[in-house]
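Per Swiss-Prot, these features apply:
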TRANSMEM  5-25  transmembrane segment
TRANSMEM  72-92  transmembrane segment
TRANSMEM  99-119  transmembrane segment
TRANSMEM  120-140  transmembrane segment
TRANSMEM  154-174  transmembrane segment
TRANSMEM  196-216  transmembrane segment
TRANSMEM  230-250  transmembrane segment
TRANSMEM  259-279  transmembrane segment
TRANSMEM  314-334  transmembrane segment
TRANSMEM  356-376  transmembrane segment
TRANSMEM  393-413  transmembrane segment
TRANSMEM  432-452  transmembrane segment
Amino acid sequence: MATDLLYGLLPEHILLGLILVLMLLEILSVDKRAGSALFIASLLAGAGVLVMQLQTGYTADIVMNEIRIDRFSEIGRLIIVSCGAILGVYSLSSEAGHKYWILIASSLLGAMIILDSAGFISLFMGIEILSLPGFALMVLNNGKSTASEGSIKYLLLSSVATALVLFGLSLVYGSTGNLNISSFTAAVATGGVQNLAASVMILSGFFLKASVFPFHGWAPDAYSSARLPVTAFLASIVKAAVVLGLVRILGNAVLNPEAVTVIALLSMLSMFYGNITAIHQTAFKKMLAYSSISHAGYMMFALVDNTGARTEALLYYVAVYAVTTITACACFSILSGEDDNLDNLNGIFRKKPVAAILLSLCVLSLAGIPPLPGFLAKFFVFKTVIASGHLTVAVLAFVASYIGTFFYLGVVLRMFRSDAETVEQPANATCLCWTWGGALLGTLALALFMLLPNIFHWVMTGI
């Protein structure tokens, strides 16, 4: 038991130790480069531990069965720390201080707790630890007048999500007598008004955190008012953790037809609303916000599948989406800095061809253009949904995806138009070498996903 508590949660212990050391460095006013180096090293150490656990097939149920370490937990946490490392390298060029690294590390800790959860108590704690630092990150070192407004809107709507989840959990406890996730899924399968109400409230809270339509209201303002690395964090790691938390709750449970219908409807609305609204955006962050809403729809779309293959499809989709989003933000930083006006991309290929090509690959991957990993991610999701007999829904999702290609291709065409006048940009005062590092790391990760599309199937099945 003690060994499992130490080894099974060693990545979390590393992150907790990192947070404490970073706090000490902040108090002692130590050079911020020490904190950034420690952050990257700690995440690499955590990733190494997770790889070892996967190689040995390590599993454990600890803390009175509130925490479960299994392959899903290990893969999910590896995705989170890997994305955190890429984001960390990208953020080095933004001259982030110890406070920034403390907040990011705290959110990563919350994300990992979510993926470890076998009970709703630890799951709820993880969600709150994930979300709370985000409010501060949005206003940290941010001179925008809209930063506070976006942060407050995110805080208020996140509080609503928290209240919904808590009320749902009270109904779960009244129905099952405990807060174990497996007991909840078993109770939901039996039906009943109380179990239905609990499911609606818990799922609504998660949908709000994941910015699924119509619970998306906070995302455009929050994303557009934050600095670009923070926007990348909110759009990638936070969303990935929440979606994987939903998978943790549902597991391989067979959903009843009514639940499948509701999830399918919300996923369709998210896809169409996000893709159609993104077409009219002239700012990169706003476009990314509506893109993330549509991608949340694709992720929810995978939950329609009742064959059990949705877990592997969602792991691949979440990993590809998160890495692509961070890489796209890093490339945009190289091209335009903190000014997110898409007009800055006009004809930029002539000045910065490599960054323009990398951003184009990321954008086309988000659009689902073959043979990029974004296409493979959508292919796996569509395959699982069609296999479960939902052909009509899959056709509608394909139409939504087709609509989404318009605004993605618009970004690419801006960069490669020979007749466009390049907008003069102010000189960037910070060194972009680390931003390049984050962009290249993300590109390498995407290349790995493209070359090894079955990587999560192999790991989940222990091949």
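Cβ atoms here come from the backbone N, Cα and C positions, even for glycine.
Not measured: the values here are computed from a predicted model.
Count of Cβ pairs under 8 Å against the transmembrane segment (432-452): among 5-25, 120-140, 196-216, 314-334, the largest is for 314-334.
Stretch with the largest number of CB pairs closer than 8 A to the transmembrane segment (356-376), among 72-92, 120-140, 196-216, 393-413: 393-413.
In this chain, the transmembrane segment (72-92) lies in contact with the transmembrane segment (99-119); the count of Cβ pairs under 8 Å, excluding pairs fewer than 6 apart in sequence, is at least 3. If you look at the transmembrane segment (230-250), the same-chain residues 6 or more away from its ends with a CB under 8 A from one of its CBs are 72, 76, 79-80, 83-84, 87, 90, 104, 107-108, 110-111, 114-115, 117, 123, 126-127, 130-131, 134, 137-138, 140, 142, 181, 184-185, 202-203, 206, 209-211, 222-224, 285, 288-289, 292, 295-296, 299, 303, 310-311, 314-315, 318-319, 321-323, 325-326, 329-330. Through the fold, the transmembrane segment (314-334) approaches residues 72, 75-76, 79, 82-83, 86-87, 90, 93, 228-229, 231-232, 235-237, 239-240, 243-244, 247, 284, 288, 292, 295, 298-299, 302-303, 340, 352, 355, 358-359, 362-363, 365-366, 373-374, 376-378, 380-381, 432, 435-436, 438-439, 442-443, 445-446, 449, 453, 455-456, 460 of its own chain, all at least 6 residues removed from its boundaries and within a Cβ separation under 8 Å.
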